[in-house]
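First the structure, in the form of structure tokens, and then the observations on it.
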Amino acid sequence: MLSSTTLLAILSALALTSVQAAPADKNSLDYLANKAGKRYLGTAVQSPQLVPGSQYVQILESQFDAITPENEMKWEVVEPTEGNFDFTGTDKIVAEAKKTGSLLRGHNICWDSQLRYAHEVAPKMKLCINDYNIETVNAKSQAMAKVAAGLLAKGAPLHCIGMFKNAKRRSSGLLIRTASSGLESHFIGGSTPKDIPAAMNLFSDQGLEVPMTELDVRIPVNGNDMPANATVAKEQVDDYYTSVSACLGNDLCPGVSIWQFADPTSWIPGVFKGKLIAVSCTFSGCLLQYCVGYGAALLYDAQYQPKSTYYVVQQALKDGKNSGSKFHGIKL
């Protein structure tokens, strides 16, 4: 029989754990999300970052009430070689979620035949399809909507589509849930789709939840991982407001998960580095020309201090369903 930890490692889900938490900070992101009618405001984490008493953990526990393992529940980590399982990182993240009463989102399994097997093992689990480039109305999102409709018509246990793009922490018994599709939502500043609500409706109109599962907004940066200029910084703020507002405007969007929350822990600088694109030489020497890399995508800076992106997410949550799609400035 599979252990509960094994189930969490192989099933894509939201788990509600049994813990009574301390009184909430009424300006924290999770409190404001709950007050706005959302189930959670979450983030991705990696187990080595869970150092007791660290700035990272203090922010995690004070601002977020849902956790997604960034890598620890992926197949190649859980079962690095066939038949050999390692739940070390998974167990550490599960323990953190239990300690704080946070929701735990399993990330991820393969689909679609696994939906039925997962449902048989854990019938209370909500199961989601999580994909990228479906945050706008395009050929892929429309095709995914047809896939979802086909699965539902066949009786598949599909509950949500994730786009990878109550005012207190929970205190009830263990509840493992899904029925949705995930919108990943990895955006580039200034290029965030304006039709996210319409894309969400492709799935929510079928009764599927539409969580925003991996939100970040990368922008061009200088050598210090700071915004390259004021224009891109402003675009990034607008894009965070637009994204969070899209979730707030859809009753079947249960919440938003930021893909990590502090720039030093983001995956983006390691992938979208600046590159040498030209070399021009004269008798006096050579000029190297680099393209700008991307980074500064999250809510906290390298010193774990909140940035303008944090405050705009906070403001969008305060504005709630009346936020609209355009940010008009932070209300002090």
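Cβ from N, Cα, C; glycine included.
Values in this document were obtained by computation on a predicted structure and should not be read as measured data.
Listed in Swiss-Prot for this protein:
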{"type": "ACT_SITE", "residues": "Glu120", "note": "active site, proton donor"}
{"type": "ACT_SITE", "residues": "Glu214", "note": "active site, nucleophile"}
{"type": "DISULFID", "residues": "Cys128-Cys160", "note": "disulfide bond"}
{"type": "DISULFID", "residues": "Cys247-Cys253", "note": "disulfide bond"}
{"type": "DOMAIN", "residues": "26-316", "note": "domain 'GH10'"}
{"type": "SIGNAL", "residues": "1-21", "note": "signal peptide"}
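A map of Swiss-Prot features onto the structure.
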residue : record                    : Cβ neighbours (10 Å)
Glu120  : active site, proton donor : 9
Cys128  : disulfide bond            : 32
Cys160  : disulfide bond            : 30
Glu214  : active site, nucleophile  : 26
Cys247  : disulfide bond            : 29
Cys253  : disulfide bond            : 27
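For the pair Cys160 (disulfide bond) and Cys247 (disulfide bond), the C-alpha distance works out to 14 angstrom.
Across the fold, the C-alpha of the residue listed as 'active site, nucleophile' and the C-alpha of Glu120 (active site, proton donor) stand 27 Å from each other. Cys160 (disulfide bond) falls within a strand segment according to DSSP.
Cα of Cys253 (disulfide bond) to Cα of Cys128 (disulfide bond): a span of 13 Å.
Cys253 (disulfide bond) carries neither a helix nor a strand DSSP state and counts as coil.
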